[in-house]
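Since the structure comes first, as structure tokens, the remarks are kept for the end.
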Amino acid sequence: SSPSAAENGLDPDEEPLLRKNPRRFVIFPIQYPDIWKMYKQAQASFWTAEEVDLSKDLPHWNKLKADEKYFISHILAFFAASDGIVNENLVARFSQEVQIPEARCFYGFQILIENVHSEMYSLLIDTYIKDPEKRDFLFNAIETMPCVKKKADWALKWIEDRESTFGERVVAFAAVEGIFFSGSFAAIFWLKKRGLMPGLTFSNELISRDEGLHCDFACLMFHYLVNRPSEERVHEIIVNAVEIEQEFLTEALPVGLIGMNCTLMKQYIEFVADRLLMELGFSKVFHAENPFDFMENISLEGKTNFFEKRVSEYQRFAVMAETMDNVFTLDADF
């Protein structure tokens, strides 16, 4: 049952995703093949923190300038807290509201991989920051860092909100995973361009690819809704998220600290927001070009490198092979 929908005078029974479903405990027969396919995609990209080699990162870290260390450690502090907030929403709201098993499977798997992300960020902080007080400050960023608190509060507000519709909250959490992470991902990819910290940059590749999928899934769920928020309302939510993210990376934690251009970072965040709006089925607000050529092929690159680097994990291809028009070959050359 969805209190938010009911209080808005909307009937949850109108929504195929939210309608009471006595068959929600059994997965087959699949009613939503596209949702199921995304679940299978999530499964095929599973990884664990143990698979990321951090052994070369510390010598690199020690050579960084103080400004660069400050920037990276504070970005990691935001990331370490944010995955837990995304999970809070999935556990407290979305998994309970959505009544179709295919989507619950995806959310369950998303919770699992967000925990991997959280552990990864915590390990990175542990690896780089040896001073226990500093470490504690970073692990407690939601309390200790106002700029992180601002982003966390924005996300938490939507979890608590009993007035907003499911559709509004789907958009808000697409903004959390699509916009609140985007600039920080780009900053770490920029470090990769400089050949710095392979453990940090590889884990960033895996995590940004996962978050891209979570964002795509939010858009897919949105398209199944009967009662969608108006374009004006969606623009309002997205623009609000953009302003917070731009302030975060150009004022609170300016990317100038690592030698990036703040104006271009603002533009990049607008470009990402436009792309999300288009995927949700709305018009662009900013009409921004992508200023970062190195962010063009990220999603593709993540997918290929991922499997090249993990030859031992070949069998995970089988998960997708079954889903993709049931083509499965036994004579593939492993």
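Heads up, residue numbers simply count up from 1 along the chain you see.
Glycine is no exception: its Cβ is also placed from the backbone N, Cα and C atoms.
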TrEMBL annotation, Fe cation 2 site containing Glu114, Glu211, His214 - matching residue among Glu177, Glu247, Glu251: Glu177
Per TrEMBL, member of Asp83, Asp136, Asp153 binding Fe cation 1 alongside Glu114, His117: Asp83
Using Cα positions only, nearest of the binding-site residues to His117 (Fe cation 1 binding site) (Glu177, Glu211, His214): Glu211
Between Glu114 (Fe cation 1 binding site) and Glu211 (Fe cation 2 binding site): CA-CA distance (Å): 9
Sorted by sequence, non-Asp83, Glu114, His117 residues with Cβ within 8 Å of centre, Fe cation 1: Ser82, Gly84, Val86, Asn87, Ile113, Asn115, Val116, Ser118, Tyr121, Ile207
Env. residues of Fe cation 2 site, Cβ within 8 Å of mean position of Glu114, Glu177, Glu211, His214 Cβ: Asp83, Val86, Gln110, Ile113, His117, Phe181, Asp210, Leu213, Cys215
DSSP-derived structure type at His214 (Fe cation 2 binding site), helix or strand or else coil: helix
In the chain carrying Asp83 (Fe cation 1 binding site), residues 6 or more apart in sequence that have Cβ under 8 angstroms from it: Glu114, Asn115, His117, Ser118, Tyr121
